[in-house]
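**Q** The structure is given below, and queries will be raised subsequently.
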Amino acid sequence: MNTILAQQIASEGGVEAWMIAQQHKSLLRFLTCGSVDDGKSTLIGRLLHDTLQIYEDQLSSLHNDSKRHGTQGEKLDLALLVDGLQAEREQGITIDVAYRYFSTEKRKFIIADTPGHEQYTRNMATGASTCDLAILLIDARKGVLDQTRRHSFISTLLGIKHLVVAINKMDLVDYREETFARIREDYLTFAEQLPGDLDIRFVPLSALEGDNVAAQSANMRWYSGPTLLEVLETVDIQRAVDRQPMRFPVQYVNRPNLDFRGYAGTLASGSVKVGERIKMLPSGVESSVARIVTFDGDKEEACAGEAITLVLNDDIDISRGDLLLAANETLAPARHAAIDVVWMAEQPLAPGQSYDVKLAGKKTRARIEAICYQIDINNLTQRDVESLPLNGIGLVEMTFDEPLALDIYQQNPVTGGLIFIDRLSNVTVGAGMVRELDERGATPPVEYSAFELELNALVRRHFPHWDARDLLGDKHGAA
């Protein structure tokens, strides 16, 4: 067992008290990214090592693995703590997204170690989609590279506002201040083109030697700023979803018996209280909250990020994929949108193609109307293209088969983010972020008979797990 962990548990008065203390710590999700061999895995290994998060058996195994697979001579190869795939160890690179957890006295952390190779950019986008902060590693010998620009742009595109530029391998440039200053200036010049209001910080460090990672470096007395760990422990993460209006995508209709009907899911943004008036989209039918049910019992109020089940005072027709929001909020379902796309498939994305798209719990079909442009990551300029290739990033116009309740991604990632699914292979082939909504008129609805409408309502009410589509779409009334 980790000796430090055992001491922490003892100081808290036992396992239960320690677990309660952990629950009350704030959580920071961050990723490490950069060009190939900039030291991402080594940095994470150093953080785990210097915060005493490594168990004795792991340390013993690391000594053995460093002799067989290590790239640091007689020193411990801390990257092997993270590079778990056999292919990664043999090639000395990171391929998959590796997640690690650690904590300090001030905060809990979830780290996503993302690949640096361009052909694995899709993996990097996956890792960035749930993070609040990005650590961008730059090799002090090489400076700002194309992949650094690519990862910076993807991070900001996916809504990350806090960037920590870690200028690594300072030991290989004799810890020179002028090298740090030059790279800092180069990156700030590039960052002027990045979208959004960003919080950018710079830390000179050596992940291999431990300089300015968890402790101040004696080799860089000219640097008076915080260490990387101090930045991670103190950065103020203001989540946009906390300030956004209530959004509750229904993931599951919970009906264990005839006396209970609840709507389960994770509150995407805002808050909800018992007694609050809400409405359901796409129908627009209103009701009020009777109960907020959780694993730990009923609550009077729930906040963004909580997994809850809502029980309403009225028996209305709601199924998986519907969206609940405050009754006084206006959100018009849209069939047309401009989407920022990160393409992840070998077959290019082209106009005329159709894909299944999944947004929260909603799944429907969409058609690609046009490729507006592709972003040139080297200079962030827009290029006219006929299709979007693997790892390409661009703006796409799309039409959905049915109206969807969408938000702008930068305002609400849950109700503004979607994935593309190949209809034949069921493989995820792309990620999309809603940029703009187009309120063009929808196609005239099909006229259904009274019998068809009644049958559809009965199926949706009594067999919600069938995920039957509402034939009346956004004009549907109460059941």
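Glycine is no exception: its Cβ is also placed from the backbone N, Cα and C atoms.
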**Q** If you look at how Swiss-Prot annotates this chain, which of 113-116, 209-212, 361-364, 473-476 comes out as region 'G3'?
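**A** Range annotated as region 'G3' by Swiss-Prot: 113-116.
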**Q** Checking feature assignment: region 'G2' per Swiss-Prot, candidates 82-86, 92-96, 142-146, 152-156. Which range matches?
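**A** The listed stretch tagged region 'G2' in Swiss-Prot is 92-96.
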**Q** What range among 48-51, 168-171, 192-195, 384-387 does Swiss-Prot describe as region 'G4'?
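**A** In Swiss-Prot, the region 'G4' feature sits at 168-171.
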**Q** Using Swiss-Prot as the reference, determine which range in 34-41, 410-417 is annotated region 'G1'.
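**A** The range carrying the region 'G1' annotation in Swiss-Prot is 34-41.
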**Q** For a quick check of packing: other C-beta atoms within 10 Å of the C-beta of Met170 (GTP binding site), how many?
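**A** Its Cβ has 28 other Cβ atoms within 10 Å.
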**Q** Limited to the region 'G4' (168-171), I'd like the whole-number average of pLDDT.
**A** 95
**Q** I'd like the per-state residue tally for the region 'G1' (34-41) from DSSP, helix first, then strand, then coil.
**A** 2 helix, 1 strand, 5 coil
**Q** When you measure from the Cβ of Thr114 (GTP binding site), how many other Cβ atoms are you left with inside 10 Å?
**A** 27
**Q** By a simple count, how many Cβ atoms lie within 10 Å of the Cβ of Asp37 (GTP binding site), its own Cβ left out?
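**A** Step by step: centre on the Cβ of Asp37 (GTP binding site), count other Cβ atoms within 10 Å, giving 19.
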